[in-house]
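Heads up: the structure comes next, in structure tokens.
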Amino acid sequence: MAENGAGGGGGQNLAVLDALDSARTQMYHMKAIVIAGMGFFTDAYDLFCITTVSKLLGRLYYPDSNADIGKPGTMPVRINNMVTGVALVGTLMGQLVFGYFGDKLGRKRVYGITLVLMAVCAIGSGLSFGSSASAVIGTLCFFRFWLGFGIGGDYPLSATIMSEYANKKTRGAFIAAVFAMQGVGIIFAGLVSMIVSAIFLHYNPAPAWDAHHGRTADGQMDQWPGADYMWRVVLMLGAFPAVATFYWRMKMPETARYTALIEGNAKQATNDMQKVLEIRIDEEQEKLSKFRAANEYSLLSMEFARRHGLHLIGTTTTWFLLDIAFYSQNLTQKDIFPAINLTGPPGTMSALKEVFVISRAMFLIALFGTFPGYWVTVALIDKMGRYLIQLLGFFMMSLFMLVMGIKYEYLKDHGHALFAILYALSFFFANFGPNSTTFVLPAELFPTRVRSTCHAISAASGKAGAIVAAFGVQTLTLKGDPKHMKQALILLSVTNMFGFFFTFLVPETMGRSLEEISGEDGNVAGAAAGHVDKDVEKAPPSSTEWQPPSSMN
């Protein structure tokens with residue numbers, strides 16, 4: 001039987017939870033990372049592939065919007081913000097709804113619904129109920145809202161499930177690895193768009209827009225219908241990873257922490273974990289009853305406010321501030337690329353060629369800037385800790401964006417290589433920094449009864465920041481005006497510095513069990529302090545509980 005230690009300096013934990021915390025890393029842990037991570041792969045692909053095709057939509061459905069200045073058509077600012085931002089609105093709402101039901105009905109019961117919704121709406125995003133611009137954009141926005149709703153559910157559920165399965169030694173790396181699949185999804189958003197546009201470009205060759213102002217000899221739109229099919233294929237392909245993962249997600253058992261602490265069924269929790277993990281655990285139904293009785297307080301209670309109020313403020317504010325910067329980076333990179341010479345003037349390219357070069361630039365930035373940051377976090381989060389990584393990331397992002405903002409004109413005209421390096425480093429430290437840690441911390445800080453809901457509230461706060469990026473910051477960058485680009489970059493630098501200071505509200509969670517962190521083990525003072533006294537942790541139990549080895553069975 002697993003021993004019941006004095007977790008965190010005096011609290012009593014359950015055997016099934018101690019066994020999970022001390023279990024060696026096993027194949028099932030890896031399987032859980034892949035199953036949960038594929039959801040995040042799909043999330044990132046679906047959210048960010050719109051960046052590669054949004055300019056194409058402007059050429060196709062608003063071809064004369066820039067006729068007075070002799071440039072290819074672009075979507076009106078309001079329409080552009082709706083197309084790129086409506087999924088984020090859906091994500092915010094989905095996080096709150098699925099996070100709440102994850103605590104009320106169980107993580108597993110609602111976990112598969114998110115994938116079904118993502119698959120159906122990814123396919124629907126490529127359909128159109130009509131051929132006019134308003135019909136096409138209206139259909140696209142409708143399905144992308146509900147796509148975002150499904151994506152939103154994946155945030156609290158995947159984080160909570162992974163945190164409750166993991167052992168305390170490598171929990172941070174496991175949760176971060178799930179989230180790191182977002183980086184793979186961003187890479188594939190650029191790669192798939194690049195491949196699909198290249199295929200369509202091969203079969204639909206056309207001269208640059210400047211040669212005929214986007215019209216063929218008979219007055220028809222450039223590369224119709226090839227270009228119109230291309231963006232639909234890219235969006236619909238987002239359904240495949242969701243469909244492929246559905247079966248395995250449904251086979252996952254409910255987490256032992258939810259079964260034991262919320263449903264009160266120690267026997268079922270023990271049986272479930274012994275089926276998937278090579279551990280031996282005895283039931284403790286009587287101790288479980290006492291354990292649950294001490295943790296019955298609700299999210300809106302004064303007890304929660306006393307124990308975790310500042311923690312929730314810390315996780316919501318830092319995620320909100322981070323996502324203003326992170327989504328501004330991702331949604332506006334198509335506007336930054338010309339400044340760092342990764343793409344050329346739109347008039348010098350055909351519609352599909354522009355998609356290809358934007359996708360290629362997005363792929364390269366993701367591969368060399370975004371992607372490494374996620375996996376450096378996975379490697380170091382259980383060595384450096386969440387707190388230090390978050391502080392470092394916010395500070396470095398603020399520094400790089402400030403330099404890019406102040407020196408924007410010089411870098412744009414004379415320092416393309418340096419501009420590209422600074423831009424890539426801002427992505428690196430977003431992901432080796434708060435973009436990863438703001439996802440990990442809410443999955444660890446809060447008690448089991450409200451863990452999914454608190455993660456959902458934190459994540460929804462982040463999506464509120466993303467909406468600010470989509471509907472606010474993106475308005476400054478859409479036309480590529482140097483004055484507005486400078487303002488946007490300096491604004492984002494200040495935003496990141498606020499994130500740096502709000503991080504001080506969040507305690508370190510590395511190396512402790514979830515029950516120690518949340519105070520569910522009875523050690524409320526230790527949970528509030530946000531650290532573990534290592535000498536106390538390593539000391540043997542008191543003489544009333546401990547017997548010398550010679551007298552033990």
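Note: Cβ is positioned from N, Cα and C throughout, glycine not excepted.
Quick caveat, the model's predicted, so the values are computed rather than measured.
What TrEMBL lists as compositional bias 'Polar residues' is 541-553. Per TrEMBL, domain 'Major facilitator superfamily (MFS) profile' is recorded for 32-511. Among the features that TrEMBL reports, region 'Disordered' is placed at 524-553. Here TrEMBL flags 32-57, 77-98, 110-129, 135-153, 174-201, 229-248, 361-381, 387-406, 418-436, 456-476, 488-506 as transmembrane segment.
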Please identify the stretch among 77-98, 361-381, 456-476 with the greatest number of Cβ pairs below 8 Å relative to the transmembrane segment (387-406). 361-381
Are there residues at least six beyond either end of the transmembrane segment (110-129) with Cβ under 8 Å to its Cβ atoms? List them, or say none. 39, 42-43, 46, 94, 98, 101-102, 135-136, 138-140, 142-144, 146-147, 149-151, 153-154, 157, 161, 231-233, 235-239, 242-243, 245-246, 249-250, 252
Integer mean pLDDT for the domain 'Major facilitator superfamily (MFS) profile' (32-511): 85
Within-chain partners of the transmembrane segment (77-98) [C-beta distance under 8 Å, separation at least 6 from its ends]: 46-47, 50-51, 54, 57-58, 62, 110, 113-114, 137, 140-141, 144-157, 327, 331, 456-457, 459-460, 463-464, 466-467, 470-471, 474-475, 478
Given 32-57, 135-153, 456-476, the one sharing the most C-beta pairs under 8 Å with the transmembrane segment (361-381) is 32-57
Six or more residues out from either end of the transmembrane segment (456-476), which same-chain residues have a Cβ under 8 Å from its Cβ atoms? 77, 80-81, 84-85, 88-89, 91-93, 95-96, 98-100, 102, 152, 155-156, 312, 315-317, 319-328, 331-332, 438-439, 442, 484-485, 487-488, 491-492
